[in-house]
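Undergrad: Structure provided below as structure tokens; questions to follow.
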Amino acid sequence: MNSSLTVQRRGSDAELGPWVMAARSKDAALSQRDGVLPVKVEEDSPGSWEPSYPAAWPDPETSRLHFRQLRYQEVAGPEEALSRLRELCRRWLRPELLSKEQILELLVLEQFLTILPEELQAWVREHCPESGEEAVAVVRALQRALDGTSPQGMVTFEDMAVSLTWEEWERLDPARRDFCRESAQKDSGSTVPPSLESRVENKELIPMQQILEEVEPQGQLQEAFQGKHPLFSKCGSTHEDRVEKQSGNPLPLKLENSAEAEGLNSISDVNKNGSIEGEDSKNNELQNSARCSNLVLCQHIPKAERPTDGEEHGNKCKQSFHMVAWHVLKPHKSDSGDSFHHSSFFETQRQLHEERPYKCGNCGKSFKQRSDLFRHQRIHTGEKPYGCQECGKSFSQSAALTKHQRTHTGEKPYTCLKCGERFRQNSHLNRHQSTHSRDKHFKCEECGETCRISNLFRHQRLHKGERPYKCEECKKSFKQRSDLFKHHRIHTGEKPYGCSVCGKRFNQSATLIKHQRIHTGEKPYKCLECGERFRQSTHLIRHQRIHQNKMLSVGRGAHACNPSPLGGQGRRII
């Protein structure tokens, strides 16, 4: 059996998917820049493992979720469970494609996202970071946004699709910066005049007129209006419907606010706040730190060549052009016409618009993955496969069991950085941290209670008596939309929550939980006076009144009559 150094492509680019293609192209380009040819040591053995049907494999993130969410109850036995885990892990980490360092980076990145606070996890995962450095940069950008720091002086580049200060950009390896620009230009198939590129690098001011003069002699202006030039990207959004493609505050070198085409002749028409200035300020040059992307340039196109005609052109232009810095390209396009800086954003857009084939037969809710449907159906069936070994309490989700077990172990993994107090759950830490940051909360003028802005409006309805959600059947009104949905089940007779033991069905999940205690014998409510336990809180309250009445009767007997030294008359002690 001979060993040889081979450079082999396993499958076509379409089979590998955008995630693996991006990782391979970046690593290969950087290696070639350093004069190193990436090779892979393989054995020329007919029995060497090859991936089966790679074209049918899901993307690595989906495989990771399947690997982490696989449950023993879903397989026939321990052998199948181990085999499934090995196959899912191979589909996730793809050892035949990625190096050991890349696999380690994936594992470290996953653990980093896992230990993030819950409020940060969702935001960071939405940006699909492909390395630990990208994840750190996204977290830092979010922290700056939450702290209210100004985004001025920031620059965005395609390789990371996150915001960096000019100082951080300048500290990057020059080879990495050059690679980012060269890769962006290769992806777009166009180049930018060196004179303009150098001026952007030096943070100089460039009027729109000079940009047009530099681009037009090269025959690229028409390409720009067709969306082929890296200076521009074309989208199908309207001026009113335009939404930001990246979360957080708008970044400089990008006009995040779409401007009306009418009366807009140069970039200088947009001030630092992203708004359009008057005619007198047309000659003012835009600071690089201003918010300068998504600037509608339709005004520069001759009317005969404009893609739409009539009055709707200024309000609903289907081919509006948006100004973008040339090292911040948007090469990935979705079916809706929107362009994205990074393949991960394009993948997120694709997932948002793809169909949800797995539908719940009880409530009609749809899901993209079968595993999500299985978890959802436990709400209706009342199934709780995860049991606590200490007290026997069961849960429908493994995460809920993990949180519950901390009550037995005493583990408190969440620490307040300001006072050092520890908590079992992240939500408890968040609630505690609000006591340190009262200035970020809003105070109710009626009762003085402080709460977040999202809860303030809901809280104020308690004082106003406002009930904006009305039932069309019986005209009954409710303060919360969720209460109206629950009430509708009375009229429709819908009972989506069924007991898995006796088959009895209920219209509310809380009622099902109370009913299941009959089968499990669970009595979570304990009287502190006598130690007696109850299944429902209402039973405990009724029982506590017995102790209260006894205390009142004993108090009246001891203090009802007290001999008076004045005349032997009794007096009542109040």
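A Cβ is built for glycine as well, from the same backbone N, Cα and C atoms used for every other residue.
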Undergrad: Name the residue range among 179-201, 317-339, 386-408 that Swiss-Prot annotates as zinc finger.
TA: 386-408
Undergrad: Which listed stretch (414-436, 469-491, 497-519, 525-547) has the most C-beta pairs under 8 A with the zinc finger (358-380)?
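TA: Answer, by Cβ pair count: 497-519.
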Undergrad: By a Cβ-Cβ criterion of under 8 Å, what residues six or more beyond either terminus of the zinc finger (497-519) are in contact with it?
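TA: Sequence-distant neighbours of the zinc finger (497-519): 379-383, 486, 489-490, 535-536.
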Undergrad: Can you give me the average pLDDT across the zinc finger (358-380), rounded to a whole number?
TA: 85
Undergrad: What parts of the chain pack near the zinc finger (525-547), using Cβ distances under 8 Å and only residues at least 6 beyond its ends?
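TA: Same-chain contacts beyond the flanks: 514, 517-518.
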Undergrad: Measuring CB to CB from Lys443 (SUMO2 cross-link), give everything in the same chain under 8 Å that is also at least six residues away in sequence.
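TA: Those within reach of Lys443 (SUMO2 cross-link), by Cβ under 8 Å and sequence separation of 6 or more, are Glu449, Thr450.
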